[in-house]
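Enquirer: Pasting in a structure now, in structure tokens, and then I'll have a few things to ask.
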Amino acid sequence: MEHTYQYAWIIPFLPLPIPMLLGVGLLLFPTATKNLRRMWSFTSVLLLSIVMTFSVNLSIHQINSSSIYQYVWSWTINNDFSLEFGYLIDPLTSIMSILITTVGIMVLIYSDNYMSHDQGYLRFFAYMSFFNASMLGLVTSSNLIQIYIFWELVGMCSYLLIGFWFTRPIAANACQKAFVTNRVGDFGLLLGILGLYWITGSFEFRDLFEIFNNLIYNYNNGTNFLFVSLCALFLFVGAVAKSAQFPLHVWLPDAMEGPTPISALIHAATMVAAGIFLVARLFPLFIVIPYIMNLISLIGIITILLGATLALAQKDIKKSLAYSTMSQLGYTMLALGMGSYRAALFHLITHAYSKALLFLGSGSIIHSMEAIVGYSPDKSQNMVLMGGLTKHVPITKNTFLLGTLSLCGIPPLACFWSKDEILNDSWLYSPIFAIIACLTAGLTAFYMFRIYLLTFEGYFNVHCKNYSGKKSSLFYSISLWGKEGQKTIKKKIRLLTLLTTNNNENEKASFFSKKVYRLDSNVRKMTRPFITINQFDNKNTFLYPQESDNTMLFPLFALALFTLFVGAIGIPFNQERMDFDILSKWLNPATNLLHKNLNNYGDWYEFVINAIFSVSISYFGIFLASLLYNPVYSSLQNLDLINSVAKKVPKRIFWDKIINKVYNWSYNRGYIDAFYETSLTKGIRGLAELTHFFDGRVIDGITNGVGVTSFFVGESIKYVGGGRISSYLFLYLSSVSILLLISYFFLNQ
């Protein structure tokens, strides 16, 4: 066993040769490297699979032995200061390593087909491998210095992948927005690390926790409690930015401009999980400061509600899932703030697999839609243009439904077990927080089934002729989350003004993207099913989406299995001779470090009573979403009698106002982006303009004024002189005499 832990250092370094070799190969042998691109992708998957096997082996040893291993190499700079580098293998490390490698492998396999048409195929795999290596280095770090180094590398990789299509201005802007927002958190993290070192004199976690706890409990040592709390707050700010928690969450929806596979990896196992990992790693430090714990739980509950409300009106399928990630990680942050360490990690695990499944499923949908509507994200990711995909992409539909039900908290899927545990703990912590968390669970079920119904149920809206973004029907305006038109729209209006009827069958509709994307020779030839409809003299050919290839479907199957069964590791009850709670055994060393004897077990009766309430709320959200978005109710838009009766009801006006307010709040992202734009962006630009004015008119004015004054004085004196030295000498002596007399006069007074 000891021999196994000695080689744990290979975990972060094994995927590292891929980006290095790809960089050298593309620089020196570009043609040969590109011709062997499938070999590079296979090698990436192979190396990450070896790391996964090693991580699973370490986890099995930890479950059986309940031990923590740390290896450190000391680098002495002088007698007073030395840097120590090493790796730490504990339950948190093993959990995160398995999470990163399993999700990473699925994303790499999926990306082989998804990115096959892209010119940056090899660059994408280089970034992805470096991303995985950086995240593995982060979770195996044994001190704060290593944490910060890999923290920055994880951020750098995420910026590169968010702006992967950097020629698109919107992607470049999203990359810059993520960078600037995370700079705030990273600066806070750096200040916190420096402050802790100034207080404790150590970067190592175990030494740091022991010294910090002694300083907190011994008030006579002169340590300023406010300064200690401020350092902990700075550390938490870093986690807030990385995990897209309020108020530094604004970068997350814009990060969807990157390729869909990287969205899955960022939201499941790397970027946003890094912030949760940091709080979990420093949990022994935070838990001794009640004010910080209360702040963590407060930020968590605000993020839970905010993320859920912002997801209600999104039409972009990826942005809807992004806000879902923000809300679900809020549950994890709430659990950490309440002190529920086990529940937080449990929900991090279950959410990661469910969200990876949903993002890869959305990528499969987008991939199939691109052949119909073009490569513009405004079209291929727009749920308004989808609908009726059940019969066209049945496998994607079933796996997406599984992930949706899991995120809604429906038993026996993964997220049910973890979310239910957090909800139960919240009732003991704060009834107000518990009420908000439970209501948000219903909102989660509502917006997740909204995504599912708009995408898969009904009819394929691209070819729908009797479709308009604004209808007089209450049901239809709700289902699209659009504002109701003031006038009744005629049925002959098509989906969008871009969808026009073309009698010339050789002329493509203007809706399709006019921009030509050049595909390389490795693009697989794909045929799309189509239906030809002859109506009198018009002949219309309709294309429909097609199911993705097996290399994209295999990760969906694998993640669906994880979504089904991963919740079994944390079933929170222990009955006669039956111990299902593998997670508690796994976390024993960590809970012992916290000096807590947590009892996570309950009986079946208590568990069922608590679960019935949370599941009922989720089913109510699903029912409400089905009521508003089900195609059966949407078809009622054609019944003018119902619409006329509904308009006469007085409550209809009040109901429409509520809908519009919720829509405006959600569609405008809670006006938070606008507030930042007004207060920060425009404020900084105004300050820059003021500084430019002061520098140009005042500073430069003084400098130039001295020069101009000297010039004119010199010119004036030039005409006074007559060219005789005796005159100059007389003038000089006279001036000196006058100055001496003036000085003498003032001194005597």
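Glycine is no exception: its Cβ is also placed from the backbone N, Cα and C atoms.
Owing to the predicted nature of the structure, the values given are computational and were not obtained by experimental measurement.
Sequence annotations record features per position, and here Swiss-Prot assigns transmembrane segment to 89-109, 125-145, 147-167, 185-205, 260-280, 285-305, 329-349, 356-376, 398-418, 553-573, 607-627, 727-747 (among others).
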Enquirer: Below 8 Å between Cβ atoms, which of the listed ranges 125-145, 329-349, 356-376, 398-418 makes the most pairs with the transmembrane segment (260-280)?
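Expert: Comparing 125-145, 329-349, 356-376, 398-418 against the transmembrane segment (260-280), the winner is 356-376.
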Enquirer: Test the contact criterion for the transmembrane segment (89-109) and the transmembrane segment (607-627): 3 or more CB pairs under 8 Å, pairs 6 or more apart in sequence, then answer yes or no.
Expert: no
Enquirer: Can you tell me which parts of the same chain pack against the transmembrane segment (356-376), counting only residues 6+ beyond its ends and a CB-CB cutoff under 8 A?
Expert: 103, 106-107, 110, 114, 260-261, 263-265, 267-269, 317-318, 321, 324, 385-386, 389, 392-393, 396, 399-400, 402-404, 406-407, 455, 462, 511-513, 515, 517, 526, 528, 543-548, 552-553, 555-556, 559-560, 562-563
